[in-house]
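Worksheet for the structure shown next.
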Amino acid sequence: MPVTAIVGGQWGDEGKGKVVDMLAQEADYVVRFSGGDNAGHTVINPMGEFKLHIIPSGVFYPGVKCIIGNGVVINPDVFIRERNELISRGVDVKNVFISDRAHLVLPYHILLDGLEEEARGNKSLGTTRRGIGPAFVDKYARMGIRVGDLLLPEYLHERLEYVLECKNQILTKVYDAAPISLDEIYETCLKWGKELAPNIKETTHIIEEAISQDKKIIMEGAQGALLDPDFGTYPYGTSSSPLAAGGCLGIGIGPASVSATLGVFKAYSTRVGGGPMPTELLDKTGDIIRDEAHEYGTTTGRPRRIGWFDAVAGRFSCQINGMTTAIMTRLDIMDILPAISICTAYELNGKIIKYFPANSGELAKCKPVYEEMPGWLCSTKEVRCYDDLPLAAKNYICRIEELIGCQMSAVCIGPSREQTIYK
């Protein structure tokens, strides 16, 4: 089957956007399957640098159809703004479609996200405050408004009336905030419906036909496996599954249709927001890596937390995704380091463990067990053949492959398409 899932192997920000952009030139479809505009993908190509939050990274190829699947929650304002910016920069967006089953991020979701984070105080989860979590809560509480509802004014009004009655009770009585106007939000939704009507499709049928015609489909993941609500650092995670299995649910296909799962790993670890991170570097080395790599969130602008590569977490990520191959990004950032460490195990309560604990409290107590490897202290940015990489760099890649149990099919040594080395 011609479906390839591309997923993040860490806490997000691994470089999936570049990988999708790179592989999309041979694809017929690129489909986003999870998350919302809380995830940011940076793509650098001959047209310039683009920061995408909701539109799939395959949009830069005119022949590729890009679908935002039912598993994504969509803020129409963000989609419209992103679409219009792409158009203004000469990108053809006529092949961008949205599933009518996808749920909406509405103004009250954003408002509640901020109020809930404020109420948590120093126990806040570090959300992006873009309303993603509350939108998924409504989806599973059967209070959500879906994209297709925008095209059915009477049904939309009925749904909004019911939902706002509940939301305004929470806003006024729990948070002492002003209520949301039904008329205002209804008018906003009607405007969105007119604006999005050409993009809204019954996408499961489109994808089913594509599979039957043996078309090449990329399932584009958002965020990373270690943020999964079941297998990640709960509750410090995201609200939808970024795993390959989540891709099947998020676009409407069966697992047998997926022929390959490609995991994307940085050569080191990063994380945004709260939650345990065993290999976090709070010293000068972390600052050096952050500055060299410009590690600041695409969506939030917050400085990312930096750590050494965590092979325990990486192996777990390979397992729960069923990765068939992987790609390492940002190897070039390690060029400046005289020595590099890899976490091969954890020490928990005086015992050495090689598994990823389910409990975030336990994970926070884990001390990394490191294996130190020599750096190479020379630039890899201009290398175009794997054999021409410094021996120490190849040894580093090989050791990570051994530890996570998955082979790297390519290594990225810079942001552009040309800075990708295939093994």
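Even glycines carry a Cβ here, placed using N, Cα and C.
In this structure, GLY12 (GTP binding site) belongs to neither helix nor strand by DSSP; it is coil. The local packing around GLY12 (GTP binding site), expressed as other Cβ atoms within 10 Å of its Cβ over all shown chains, amounts to 29. Sequence annotations record features per position, and here Swiss-Prot assigns GTP binding site to 12-18, 40-42, ARG304, 330-332, 412-414 based on sequence analysis.
Per Swiss-Prot, the feature Mg(2+) binding site maps to ASP13, GLY40; the stated evidence is sequence analysis. For ASP13 (Mg(2+) binding site), the number of other Cβ atoms no farther than 10 Å from its own Cβ, over all displayed protein chains, is 28.
Sequence annotations record features per position, and here Swiss-Prot assigns IMP binding site to ASP13, GLU14, GLY15, LYS16, ASN38, ALA39, GLY40, HIS41, THR128, ARG142, GLN223, THR238, ARG302 based on sequence analysis. Counting every protein chain shown, 22 other Cβ atoms lie within 10 Å of the Cβ of THR128 (IMP binding site).
The active site, proton acceptor feature in Swiss-Prot is assigned to ASP13; the stated evidence is sequence analysis.
Residues or ranges marked as active site, proton donor in Swiss-Prot: HIS41.
Taken from Swiss-Prot, the feature substrate binding site covers THR298, THR299, THR300, GLY301, ARG302, PRO303, ARG304, and the record attributes it to sequence analysis. The Cβ of GLY301 (substrate binding site) lies under 8 Å from no Cβ of any same-chain residue at least six residues away in sequence. In the three-state DSSP scheme, GLY301 (substrate binding site) falls into the coil class.
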Proximal but sequence-remote residues of the same chain as PRO303 (substrate binding site) (Cβ under 8 Å, at least 6 apart): ARG290, GLU295, TYR296, GLY297
Number of Cβ atoms other than its own within 10 Å, given for ARG302 (IMP binding site): 13
For IMP, whose listed binding residues are ASP13, GLU14, GLY15, LYS16, ASN38, ALA39, GLY40, HIS41, THR128, ARG142, GLN223, THR238, ARG302, the greatest C-alpha pairwise distance in Å: 34
From recorded positions LYS18, GLY40, HIS41, the one whose Cα lies nearest THR128 (IMP binding site): GLY40
Alpha-carbon distance [GLN223 (IMP binding site); ASP13 (Mg(2+) binding site)] in Å: 7
GLY40 (Mg(2+) binding site) - helix vs strand vs coil (DSSP): coil
Top Cα neighbour of GLY12 (GTP binding site) in the set of recorded positions GLY40, HIS41, GLN223, ARG302, ARG304: GLN223
